[in-house]
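Enquirer: Got these off TrEMBL a minute ago, pasting:
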- 1-16: compositional bias 'Low complexity' (COMPBIAS)
- 1-28: region 'Disordered' (REGION)
- 64-88: transmembrane segment (TRANSMEM)
- 100-120: transmembrane segment (TRANSMEM)
- 248-339: domain 'Rieske' (DOMAIN)
Amino acid sequence: MAQQDDGGSNAAAGSAVVKSEAPVPSPGTAVVASDAFENPGLPPHRLRVTDLDPRKDRVAERRVYTLFYLSIVGSIFAVAAYVAFPIIPGNSASVRLNTLFLGLGIALGLLGIGIGAIYWSKNLMRGDEMSESRHPTRGSEATRARAVEIFKEGNEESGFGRRSLIRNSLIGALVATPLPAIVLFRDLAPAADPVPLLKETMWREGTRLTKDPSGVPIKASDVTLGSVFHVIPEGLNDKEDRLEEKAKAAVLLMRLRPEDLKVSPGRESWNYNGIVAYSKICTHVGCPVALYEQQTHHLLCPCHSSTFDVTNECKVIFGPAKRPLPQLPIAVDSEGYLIAQSDFHEPVGPSFWERS
Ligand code: FES
């Protein structure tokens, strides 16, 4: 029995779970040093030569306003250089000269103000360091009154009110510095009035429709049912500004069965035996509408998927475009070539014209 009891108690001891005490959490890792570093305070103020010698003070003042005047000269030089060295299209030397002198003028204008301001603050404005303790954003009335006082003191110490030559030359430099930017940005606008420039295209009465890009005139008999041609006006390739003109005058030419076309009153003579011509410039934001679905007679703009129905005067049936593609009235001359009857009857391209 004694042996059995021993065996039983051993087994009980083998399966017993030993519970250990939970570790006491650390109170944290922060350590407060007993010997905190003492604020050494600000170093003693050292007077500058301009504080000690009135003659040096005047020399420094002269340097500052000279720098501001140099800035004015630089800005005016930049404007003059922009006019005197214009960019001539196709002449890379003119681009180099224009960029060089314009850049030099603007650099002088900006550096004059920057260096002058730094020199002024380093040599003439009050030079001792001050510390300011943190406080809530809005100070008390007393603090605010003190702030006004400080501004007045700052004005007094910097000499902004007193040193009239520096102040006036700085104001002059600040007024003159943006001048080159105004001249540059003004010159980005087209030289001519943009409204007629964008509203009119090269198409005139009798202008032949030619293939893009070869410029070969198109006969009505060449345009078979279901075919599509990319078209430019005759003579476009001889023009100096042919890309600008092409961007307005590009046309798509298609032939449908006349009975498939819905023609509104006044437009009966604008097609020739089912051959129709529409502007290729999308009325959304001006991408070329270049995809023609022959079966559905839909024109698709690849940019934002505006879809125009050729059977229904290119009205918009899908997408963000807001108005139909303008139609070019066409006819046939005595030799059988397709010609324009006139320019488009409405502006081509983006719909902002509707709102202007
Ligand atoms: S430009 Fe054609 S859909 Fe946007």
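Sequential numbering from 1, following the chain as shown.
Placement of Cβ uses the backbone N, Cα and C atoms for every residue, glycine included.
In TrEMBL, annotation is done automatically, which means it is predicted and not curated.
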Enquirer: So what's the average pLDDT for the domain 'Rieske' (248-339)?
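Expert: Mean model confidence (pLDDT) across the domain 'Rieske' (248-339) is 94.
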Enquirer: For the domain 'Rieske' (248-339), jot down how many residues DSSP puts in helix, in strand and in coil.
Expert: 11 helix, 33 strand, 48 coil
